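Trainee: Right, I'll just put the structure down here and ask away after.
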Amino acid sequence: MAPPPPSPLLTHLLDELVGEILVRLPPDEPADILRASLVCKRWSRLLSDPAFGRRYRELHRAPPLLGFFHNTYESGPVPRFVSTVASPCSPPALHCSNWWTLDCRHDRVLIHRFGRPDLVVFDPLTGEQPHLPLPPYSHFFCAGAVLCSVAGCDHLDCHGGPFLVVFVGTNCDRATWASVYSSETGAWSASSSVELGGRYIQAWPSLCIGDSLYFMVYRGRSILRYDLAVRGFSLIDVPAEYDDISTVVMVDDGRLGFMGVEDRNLHLWAWQEAGADGSAGWRRCRVIELATLLPGPDKTFSPRVVGFVEGTDIVFLSTDVGIFTLKIKSGRVAKVGEKRARIAIVPYSSFCLPGV
């Protein structure tokens, strides 16, 4: 005689208990929770429930790093996405060629297609690839940013929602302009412009702090700030001793910072707002000796910063033996890629859940 089926109350209690366990699985290895969804149909339904996804994101808050897109001038079949998790994360195929990754934020990747009059906003988890026309202004050099446009959003699950694209270009006359695209209106705004003293915008990922976007100017000799609220520019010079900063970053307390490598040491600078004496400027807040952290054939190697994970302390470093991530606070180093002629790395972070 078969045992009686469990009561609905017992089933509900068991589901709650399983949910309390599964919601605590760490997000930095997505395969763990995906494997759990294959245990049985009940677990699959539980993990695919949007309510579970909301609880999971709210508990863990910081989306995990899943991999990075890289820009390179190498020819041939070079993979453009590299997974950084133990079980490889493979995004859907991107249906375009000859492309350059401009930016990545809020579950989306902004891609510029060479020789084509459009941009692609790519969601690597859902496969969505909406195309939008380039703004009607000429450019020879460019950079861009993509971000969620939902007011008050916690940016833990922006898949499928409205977004903004900010495109910054420098034309042949070395005039730099910016225009903003809204997915809700399907149109570009009028352009704002600024003179950079003969320099041009650098094709490097942007940094978002509050309502401001920060872009690198040619060879990192200054930083261009774009205020999303007023749609205007301002230029921030870097210390005179730096002719080539590596990347803009956000320091612990939400301030603007930048990194530079000098004599195989990583220097972290932060912008200090005006104090009681009314002065503001840059302050060097940390120096990290890379020669003792990174492997290399000898001590003459010259590491280079090639990327930074926004909202974290993770920086990407290129060396003669490969690509490494460095966690600034702990000093933990991990190899995540092989040596290639990379120009820039654009990290991709998102929660990878069965319900996506």
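Placement of Cβ uses the backbone N, Cα and C atoms for every residue, glycine included.
So TrEMBL says this about it:
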type	residues	note
DOMAIN	7-59	domain 'F-box'
Trainee: With DSSP, how much of the domain 'F-box' (7-59) is helix, how much strand and how much coil, in residues?
Mentor: 40 helix, 0 strand, 13 coil
Trainee: Kindly state the mean pLDDT of the domain 'F-box' (7-59) in the predicted structure.
Mentor: 81
